[in-house]
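Participant: Quick one: the structure is below, questions incoming.
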Amino acid sequence: MSQSKQASILDSRILVPAIADAFKKLNPRTLARNPVMFVVATVSVLTTVLFIRDLITGGANLAFSFQINLWLWFTVLFANFAEAVAEGRGKAQADSLRKTRTETQAKLLNSDDRSQYKMVAGDSLKVNDVVLVEAGDIIPSDGEVIEGVASVNEAAITGESAPVIRESGGDRSAVTGGTQVLSDWIRVRITAAAGSTFLDRMISLVEGAERQKTPNEIALNILLAGMTLIFVLATATIPSFAAYAGGSIPIIVLVALFVTLIPTTIGALLSAIGIAGMDRLVRFNVLAMSGRAVEAAGDVDTLLLDKTGTITLGNRQATDLRPIPGVSEQELADAAQLASLADETPEGRSIVVLAKEKYGIRARDMQKLHATFVPFTAQTRMSGVDFEGASIRKGAVDAVLAYVDGGALQHGNAALALKTETDATRAIRAIAEDIAKAGGTPLAVVRDGKLLGVVQLKDIVKGGIRERFAELRRMGIRTVMITGDNPMTAAAIAAEAGVDDFLAQATPENKLELIREEQAKGKLVAMCGDGTNDAPALAQADVGVAMNTGTVAAREAGNMVDLDSDPTKLIEIVEIGKQLLMTRGALTTFSIANDIAKYFAIIPAMFLALYPQLGVLNVMGLSTPQSAILSAIIFNALIIIALIPLSLKGVKYRPIGAGALLSRNLVIYGLGGIIVPFIGIKLIDLAVTALGLA
């Protein structure tokens, strides 16, 4: 993957096969998929037959007819070449992926005893077979971890060298065939038979073998076919005007007029634009299951984003220590630091850092203190340390308060529990409520049954994310933050991040309901997820981006898979989708605008002998009627080659509103589509005349 990302359209490994493929695509069945180019190929065959007839019978203007014929075929070949280059980039990626395939042997298990396995060929495995994969083994096929935990190297799929953890029973249980276990062991239930693994699907998709035309492509093809039919009828009426004046127009000239007026530019590049859109996603390590998903991303109205890892860094950091009355900050900091010395969570490490940087308290040796660390559990929701007869705990406010009350009653201090600790409890609850309103998470600290205060943890909003949301807003996209936090915390983080709305205390059912509500309003919705509980919402969303680290159910439900498992990519995916639609629209505008200049080149040339007064339309001052027609047909072919890089790279994306974007593109590609042909045809005319070609 990483190597193929560097492939350029100037790479000989792509260009040379593309030239050969351009000739192979002259197959009528292949050409028939593109109505415009099929018509051009048909008239090219017709003019070739007429040229051969004239060559045999000794017709006039053979040199002119030969050149027109040659450039008509070049037009078809250049269109085929554009598509072949786009496909070639995908084939280069597919070849890179194929190299990661290895003939693997699998340890097929027939019982729960890990030592009892049978070595079989990896491609003989069936769905629901259970295999053992140990350190150094290649995972033989896609599957779900049902037992164990292991470090897995997924560089063959993602291009990232850092290993990832795969374990049973969570949202990191999916494994991909062709990846390697680096440490420990896992028991895997096979979920994909040979030939239908994730790697097989990737190869098939990036090659374009299964690429189907999207609804927008089909609609545009219908429009182009309709315009072609109109120009067929228009061209067919022209001989009658010539006959009325007592003259005639050669068929080769009529064909030249017809081919230059139909939208050959966009017709030639349409397929390449679609392939390149999916290719850009693949280079971004996102796999789209269909071109429809890429287009939908460009039309998205509502973006659902998980708070953790997307809007915030995901690792809550200690930002402040707030003691209750009668307790100093230093005392609270000392206790919080001791309780966190052996806590390897991001929150625990941040408390140690805060105590050192703000209060000058350095880390202490747990062994010298003869301390026993008390780990966090889901049942206690606390962690802490016991040493030298002292006991310190930190954790969720309600859990710590219950711990304090229980300890006071256990030692017979009922009055103390009811009076002294009630005052402290009120103070703790008040501080905790203030922190929650500010978008933070409170952790209460207690030492030997005495409440000391609260550690304020805060989800750090990612730098620049507010500006990104402002860009999306200018594009007319509504952003909704999805979080399990309480409404007060969610509102504070939403305000800081700059999202348009939020869904607090979200459940899978809430997400699904929100998506359906938005779609009922006629809006397209995009979201990302990685868990089995996200699968219904991913399937319902118009753009569902599943994380590669997620469950099999999530990956099957989404219509895109992010190989890097980075939720923030959802924003870039929308931008790539919009770039695809912008490129298609811009080049369609440019192609249609081209006709104006070609009209001024060919119409005067056709009728100059019959209607001399039409000479005023020769605003470009083209040398002769034949040079004008030849220059127009040459420009018509060369502009396809000139625009291949733009069709593959895409029009530059700018986060502005639809109205401003339309105005900008009309100026650049509409006005540019008029001016460029005037200049191009004139320069070609000068060259044709200088070389004596017409």
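Cβ from N, Cα, C; glycine included.
Here's the feature list from Swiss-Prot:
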- Asp306: active site, 4-aspartylphosphate intermediate (ACT_SITE)
- Asp343, Glu347, Phe376, Thr377, Ala378, Gln379, Thr380, Arg381, Met382, Ser383, Lys394: ATP binding site (BINDING)
- Asp530, Asp534: Mg(2+) binding site (BINDING)
- 36-56: transmembrane segment (TRANSMEM)
- 62-82: transmembrane segment (TRANSMEM)
- 218-238: transmembrane segment (TRANSMEM)
- 249-269: transmembrane segment (TRANSMEM)
- 600-620: transmembrane segment (TRANSMEM)
- 628-648: transmembrane segment (TRANSMEM)
- 666-686: transmembrane segment (TRANSMEM)
Participant: Given Lys394 (ATP binding site) and Asp534 (Mg(2+) binding site), what distance in Å do their CA atoms have, once rounded to a whole number?
Facilitator: 32
Participant: Can you tell me which parts of the same chain pack against the transmembrane segment (62-82), counting only residues 6+ beyond its ends and a CB-CB cutoff under 8 A?
Facilitator: 18-19, 21-23, 25-26, 31, 34, 37, 40-41, 43-44, 47-48, 50-51, 54-55, 252, 255-256, 259, 264, 267-269, 271-272, 626, 629-630, 633-634, 636-638, 640-641, 644, 647, 693-694
Participant: How far is it from Asp343 (ATP binding site) to the residue listed as 'active site, 4-aspartylphosphate intermediate', counting Cα to Cα, in Å?
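Facilitator: The residue listed as 'active site, 4-aspartylphosphate intermediate' has its Cα 26 Å from the Cα of Asp343 (ATP binding site).
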Participant: Quick one: what's DSSP say for the residue listed as 'active site, 4-aspartylphosphate intermediate', helix, strand or coil?
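Facilitator: The residue listed as 'active site, 4-aspartylphosphate intermediate' sits in a strand per DSSP.
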Participant: Would you mind listing, in sequence order, the residues at least six apart from Met382 (ATP binding site) in the same chain with a Cβ closer than 8 Å to its Cβ?
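Facilitator: Non-local contacts for Met382 (ATP binding site): Val374, Phe376, Arg393, Lys394, Gly395, Ala396, Ala399, Val400, Tyr403.
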Participant: Which of the listed binding-site residues (Phe376, Lys394, Asp530, Asp534) has the least company, meaning the fewest other Cβ atoms within 10 Å of its Cβ?
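Facilitator: If we count Cβ atoms within 10 Å for the binding-site residues Phe376, Lys394, Asp530, Asp534, the smallest count is at Phe376.
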Participant: Would you count the other C-beta atoms found within 10 angstroms of the C-beta of Asp343 (ATP binding site) for me?
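Facilitator: For Asp343 (ATP binding site), the count of other Cβ atoms within 10 Å is 21.
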Participant: State the three-class DSSP label for Phe376 (ATP binding site), counting H, G and I as helix, E and B as strand, and everything else as coil.
Facilitator: coil
Participant: Determine the most Cβ-crowded residue among the recorded positions Asp306, Thr380, using a 10 Å radius around each Cβ and all protein chains in the structure.
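Facilitator: Comparing the recorded positions Asp306, Thr380, the most crowded Cβ belongs to Asp306.
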